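Feature list (source: TrEMBL):
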- 150: active site, proton acceptor (ACT_SITE)
- 160: active site, proton acceptor (ACT_SITE)
- 15, 21, 22, 95, 167: NAD(+) binding site (BINDING)
Ligand SMILES: NC(=O)c1ccc[n+]([C@@H]2O[C@H](COP(=O)([O-])OP(=O)(O)OC[C@H]3O[C@@H](n4cnc5c(N)ncnc54)[C@H](O)[C@@H]3O)[C@@H](O)[C@H]2O)c1
């Protein structure tokens, strides 16, 4: 169902790799709600992914940008304003990557060059995106910026590895930059803390299949899907959430407030 929630709004969507990506689903939903946007991803992801299909389907242009490169981001922002015909109303940062996770390096045995690269891509890129938008004065008043995160920023999930620290950093940047973006430009900044979701990034985490089943059994409403996340995101881009800012918002079927569930207990109780 569409509600015209984003009619006339312009945006930039980072991180659509394939149809499983949370950013892909969000782009489809934004399009259905009447928003227009530029799609962007790292140049390498363009070759691996299917972003062209999404662009065609949503009538969008693609501008490649490595989110760790301020130069690329400056070009992206300037071109997006030009293509879309005005300042930006919404931005989705849907980017994450850990080389330690990908290469199976344990948290207690990190390769720090990889750690730094992961922090740059997964967390500092969010600061770089916002600083670029802020300096260019490219956001409209009452605009909305959202980044995606995971609850390993607050609680221990051993196999999430250095991504846990990156997410804690990302959430802190949302609050710190959100203050200045709110005060100076009337723009809100939030993070959505999403359930484990079967995407390329998600499936890189060791033991992901078992973990996603566990999270589902712990959550009274079950895991939130990528589409659920897209739907939540469009409400944050809409005018219905104008004074929601500096928040980390859980879209997780209730997981984050659970201690244990009947379904999980069943695995331990002896008859
Ligand atoms: N999948 C999950 O279980 C889950 C749960 C909570 C939060 N998240 C977060 O959701 C976001 C989106 O991930 P996803 O699950 O849709 O996976 P995904 O693999 O589809 O998306 C990750 C994206 O990051 C992009 N990216 C990597 N390096 C980049 C760079 N240097 N510059 C620009 N883009 C770059 C990739 O190309 C890819 O499109 C991430 O922040 C992820 O941490 C995912």
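Start at 1 and count along the chain as shown; that gives each residue its number.
A Cβ is built for glycine as well, from the same backbone N, Cα and C atoms used for every other residue.
TrEMBL: automatically predicted annotations, no manual curation.
Known features from TrEMBL, placed on the structure.
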| residue | record | DSSP (3 states) |
| --- | --- | --- |
| 15 | NAD(+) binding site | coil |
| 21 | NAD(+) binding site | coil |
| 95 | NAD(+) binding site | coil |
| 150 | active site, proton acceptor | coil |
| 160 | active site, proton acceptor | helix |
| 167 | NAD(+) binding site | helix |
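Of all the recorded positions in the list 22, 95, 150, the shortest Cα-Cα distance to residue 160 (active site, proton acceptor) is found for 150. Taking every pair among 15, 21, 22, 95, 167, the residues recorded as binding NAD(+), the greatest CA to CA distance is 18 Å. Looking at residue 21 (NAD(+) binding site) and residue 150 (active site, proton acceptor), their Cα atoms lie 15 Å from each other. Fewest other C-beta atoms within 10 Å: among the active-site residues 150, 160, that description fits 160. The CA atom of residue 95 (NAD(+) binding site) is located 12 Å away from the CA atom of residue 150 (active site, proton acceptor).
Around residue 15 (NAD(+) binding site), the C-beta neighbours below 8 angstroms that are at least 6 residues distant in the chain are 21, 22, 23, 41, 92, 93, 94, 95. A count of other CB atoms within 10 A of each Cβ picks out 22 as the most crowded of the binding-site residues 22, 95. Distance between Cα atoms for residue 167 (NAD(+) binding site) and residue 150 (active site, proton acceptor): 7 Å, as a whole number.
A sphere of 10 angstroms centred on the C-beta of residue 21 (NAD(+) binding site) encloses 26 other C-beta atoms. Other Cβ atoms within 10 Å of the Cβ of residue 167 (NAD(+) binding site) number 25 in total over all chains.
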